[in-house]
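What TrEMBL records for this protein:
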- 21-40: transmembrane segment (TRANSMEM)
- 42-75: domain 'Connexin N-terminal' (DOMAIN)
- 76-95: transmembrane segment (TRANSMEM)
- 126-148: transmembrane segment (TRANSMEM)
- 139-206: domain 'Connexin cysteine-rich' (DOMAIN)
- 183-208: transmembrane segment (TRANSMEM)
Amino acid sequence: MNWSGLESLLSGVNKYSTAFGRIWLSMVFVFRVLVFVVAAQRVWGDESKDFVCNTRQPGCTNVCYDHIFPISHIRLWALQLIFVTCPSLMVIAHVKYREGKDQKYVEQHQGCHLYANPGKKRGGLWWTYLLSLVFKAGFDTSFLYIVYRIYHGYDLPRLSKCTLEPCPNTVDCFISRPTEKKIFMLFMVISSALCIFMCICEMLYLIGKRISKLLRIRHENQRLIFADQHELTNIAPPRSQYRRTDPTLAESRLSLNVREKIREETTTTTL
């Protein structure tokens, strides 16, 4: 399977993702896709060939293998990666729809744009992005539960007992490299759990940010309504009314007027 095409397609989601979304995408491709392609496929490549049971009864080994491994881990993880990454395409499709709608609006209204930024998570795109996170976390959780139910836990026993027909009696069956396969299975389970945790953190971040924005808008609207209903008036008088006058200033002005009158009288007498 060509995972590079899927990686190049989903890398465009980084433009519309939050910091949690970028970390989630990096974890998916580094800790899951890369490990799956490079190592896991080689580890599980010999599971059918090297599955051995201590009997020569024809068909017994195949029946026991089908009972112990109802579905291959490799195929189950491939399905999981496809289902987990597909919800991100919902966001890309919604953004492309917005861009096309904005382009038609520009052509019809002489350069006026319908969206200032088609990739901004507002309105329907916000709900699409949140729904994609719910699908991602839901698919990962579902596959973890499927693995747990099919294999009765996250362990691979070294020895398995089989009593199915056409086996003549209870036979012992052995899988190849059980410890190595168990380590890889636990690694994939832990990486899936971390991806679920990142999706939950991103959902809480988006919801908390949306609630804080709505509360801020509501507070601003209430403030404007209060200002309209109660017109602001000058309740306090001007500051000049509270200015204290200096009593010595009036006396000095009075003495100055008296001196000027005396000077005028003296000048008239001399003339």
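We number each residue from 1, going along the chain as drawn.
For all residues, glycine too, the Cβ spot is worked out from N, Cα and C.
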By DSSP, how many residues in the domain 'Connexin N-terminal' (42-75) are helix, how many strand, and how many coil?
17 helix, 2 strand, 15 coil
Tertiary contacts of the domain 'Connexin N-terminal' (42-75), defined by C-beta under 8 angstroms and 6+ residue spacing from its ends, are 36, 147, 150, 160, 162, 164-168, 171-177, 180-181, 184-185
Going along the chain, which residues at least six beyond the ends of the transmembrane segment (126-148) come within the CB cut-off of under 8 Å?
16, 24, 73, 76, 79-80, 83-84, 86-88, 90-91, 94, 154, 185, 189, 192-193, 195-196, 199-200, 202-203, 206-207, 210
Contacting positions for the transmembrane segment (76-95) when only residues 6+ beyond its ends and CB under 8 Å are counted:
1, 6, 9-10, 12-13, 16, 25, 28, 32-33, 36, 40, 118-119, 124-125, 128-129, 131-133, 135-136, 139-140, 143, 146-147, 188, 192, 195
What are the DSSP helix, strand and coil residue counts for the domain 'Connexin cysteine-rich' (139-206)?
41 helix, 8 strand, 19 coil
Averaging the per-residue pLDDT over the domain 'Connexin N-terminal' (42-75), what integer do you get?
80
